[in-house]
There are 2 protein chains.
Amino acid sequence: MRTRPLKVALLGCGVVGSEVARIMTTHADDLTARIGAPVELAGVAVRRPSKVREGIDPALITTDATALLKRGDIDVAIEVIGGIEPARTLITTAFENGISVVSANKALLAQDGAALHAAAETHGLDLYYEAAVAGAIPLVRPMRESLAGDKINRVMGIVNGTTNFILDKMDSTGAGYQEALDEATALGYAEADPTADVEGYDAAAKAAILAGIAFHTRVRLDDVYREGMTEVSAADFASAKRMGCTIKLLAILERAADGQSVTARVHPAMIPLSHPLASVREAYNAVFVEAEAAGRLMFYGPGAGGAPTASAVLGDLVAVCRNKLAQATGPGESAYTQLPVSPMGDVVTRYHISLDVADKPGVLAQVATTFAEHGVSIDTVRQQGKDGEASLVVVTHRAPDAALSGTVEALRKLDTVRGVASIMRVEGE
Amino acid sequence: MRTRPLKVALLGCGVVGSEVARIMTTHADDLTARIGAPVELAGVAVRRPSKVREGIDPALITTDATALLKRGDIDVAIEVIGGIEPARTLITTAFENGISVVSANKALLAQDGAALHAAAETHGLDLYYEAAVAGAIPLVRPMRESLAGDKINRVMGIVNGTTNFILDKMDSTGAGYQEALDEATALGYAEADPTADVEGYDAAAKAAILAGIAFHTRVRLDDVYREGMTEVSAADFASAKRMGCTIKLLAILERAADGQSVTARVHPAMIPLSHPLASVREAYNAVFVEAEAAGRLMFYGPGAGGAPTASAVLGDLVAVCRNKLAQATGPGESAYTQLPVSPMGDVVTRYHISLDVADKPGVLAQVATTFAEHGVSIDTVRQQGKDGEASLVVVTHRAPDAALSGTVEALRKLDTVRGVASIMRVEGE
């Protein structure tokens, strides 16, 4: 075994970074045995050097991350700063200085993954990022490596713990969105500004990363259709229950039936209670992967949090250190299929639509005609009337999303339709 | 990209081998892109050369596996023969001839894993075996690599599809063991001789392999406590239901509380319906992993079958070929902790015991005294009497298995106890 330690620069020392530092210290012997050489925390770049950081030698703290990367003895950099800058520049600086990188930065990888992978490859270095998607759940490695001999056709997952916590609360207590969000905030599951979570930006970044891995093609953040879950109401949950469903914010990545294109989307959807994703509670994440030979796989676990994310970071650290000792690199970006990403209108799915309609004869016929004119076939209709007002709940068969939204637009124009109370896609059947 | 192909010898061409050959042919371009070089099926060693094998060039078929491995141009051997011999000798021959190995052979790895890993290391070669445990489910790689920076404390899984199919049938239809086994056999889920599955031998082999990986120590097949599920009755399922439980055949691997030893066992057990493993239906497998930092993870998917197992084999093939091109090897055996494996008596668990007792005063007191004398604390007792006969269902608190079995032995000797109708461990709470 090599006795000269591999030197690690930790960039960022927040919730995740401090856990990484802690585990590197408390489990140093295990890491040494598993890597085949000691690994040493050689510097910690932070913004606020005055903050007390328990268990970290103050001599390691610096505010000059660039100088840390350039000082010449660093083997691996762990980037747990998050956001685009300065993370992007620092990762690039690391590669330019012969330093492999482990990153937990989903936003950056979703936006600039291709350029960062190219930089890593140019310099013959590793860029690992298991922690960027679904926290502790091994997902990037299984998809990139375990399923490297298979063909992934579909990925459907709950990849945001905050929104799953909120939706689970709404489902189990009947609470409305705001009430459930307030509880999530009070318990620390939601940030003060929850936009990135509840509007689906966080999930969309993970969707872009996973789609790229699943289909061996480049999927940019802009390619991902995104709808948040702030409009999901207690009434939607009541409708879902009547259908034997619940509502989840899903990231769904699909290869088209002809194999010539892919789609990537994030939106709330009804899924049957019998689907394994329906029983994913609280802030847990779970991802369902359908591959040609392997069949249906599911990966489940904590999708966020300091220690779980640190677990994923350290698994990558061990791999990158092992690669370094073997003078090899792990798998880089695989984007050889160059499949186009189709727009949301091409996605084939089902709709659950609640309409407020006039309670008079002929309304159902008019509504049904509108669906037929747009080539959308109806699965079930439920009518419910009182006091001259009525509601109509329509569940469609599978149809292109464009046809479905065209139908809804036409329905809004009918004078017998007073309003469209809710529209939700139905998945997982 | 390198154009000279990597050459693969396929040892065995049964259900799994023929799927491996098929996918290598139909997905050759994808494999080439992912490996960085073409990969070619260079020979297929079989026992019955006369059998028609669709899609395989007859010129590749040979009955002389040894000669195939010794001919000098093979880079990787895929061993899907199963059983101890000739698989063991052939894998050894492969290593002696500079050939890395992908194996799906759980029995061999459980029995001789240490020697085979040592041989691979001596020759600087890879031994990969994702397919040996839980079929298509990525489990060996996530545990060996993704969790390499974490500390796994517990693994609990359903790792045998046949027995899960039988138990699921018994649970959902109220059928007895024999009836459910007959259905499994008729549907092809159970073999004509189901011993290896129903007596837990297959699960025990997987438990030994997983325990070794989880705890970085050597766990031999003989170290695994094993109890089959042929005694599980419809009455046990009825009892389980009353407790809000179902019954699964579980492989359970635990690190002792003091961290100084481990246990490995396979037996049927009651688990609460709320536990994620309780909803694993039919022949699916699922493995729950508890790690210090990552928390609770679950991996779910098809645990057997030609195509799923081939998916795992081909994922390993891609990795081994990539290693070969990089002149590196993947992680080998990690057994540095050398933790002793404690006997079953040291396992701390709970018991659910059904007793047939005389329906007269003082019986409960006598039974309760027996538990107390063995240091086993009772959680709940349910008494039910008719016609001078009565039954007593006792659920204990957690206690060492030795104390629990000592209690049962003493209970059998009480003249008020007519018989012990069933004993089952309770897990997952």
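Including glycine, each Cβ sits where the backbone N, Cα and C put it.
Here's what TrEMBL has on this protein:
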type     : residues                                                               : note
ACT_SITE : A:Lys206                                                               : active site, proton donor
BINDING  : A:Leu11, A:Gly12, A:Cys13, A:Gly14, A:Val15, A:Val16, A:Gly17, A:Ser18 : NADP(+) binding site
BINDING  : A:Lys106                                                               : NADPH binding site
BINDING  : A:Glu191                                                               : L-homoserine binding site
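The Cβ of A:Cys13 (NADP(+) binding site) has 24 neighbouring Cβ atoms from other residues within 10 Å, across all protein chains displayed.
Of the recorded residues, A:Val16 (NADP(+) binding site) and A:Lys206 (active site, proton donor) place their C-alpha atoms 18 Å from one another. In sequence order, A:Lys106 are the binding-site residues from A:Leu11, A:Gly14, A:Gly17, A:Lys106 with a C-alpha within 10 Å of the C-alpha of A:Lys206 (active site, proton donor). Each residue in A:Leu10, A:Glu19, A:Val20, A:Ala21, A:Val80, A:Ile81 lies on the same chain as A:Leu11, A:Gly12, A:Cys13, A:Gly14, A:Val15, A:Val16, A:Gly17, A:Ser18 and has a C-beta within 8 Å of the C-beta centroid of that NADP(+) site, without being one of the site residues. Following the DSSP three-state reduction, the secondary structure of A:Gly14 (NADP(+) binding site) is coil. Distance noted between the C-alpha atoms of A:Lys106 (NADPH binding site) and A:Glu191 (L-homoserine binding site) is 17 Å.
Annotated pair A:Ser18 (NADP(+) binding site) and A:Glu191 (L-homoserine binding site), C-alpha to C-alpha distance, rounded: 19 Å. According to DSSP, A:Glu191 (L-homoserine binding site) sits in a coil region rather than a helix or strand.
Summary: among the binding-site residues (A:Val15, A:Val16), the fewest other C-beta atoms within 10 A of the C-beta are counted at A:Val15. A 10 Å cutoff on Cβ-Cβ distances gives A:Gly12 (NADP(+) binding site) a total of 25 other Cβ atoms nearby, all chains included.
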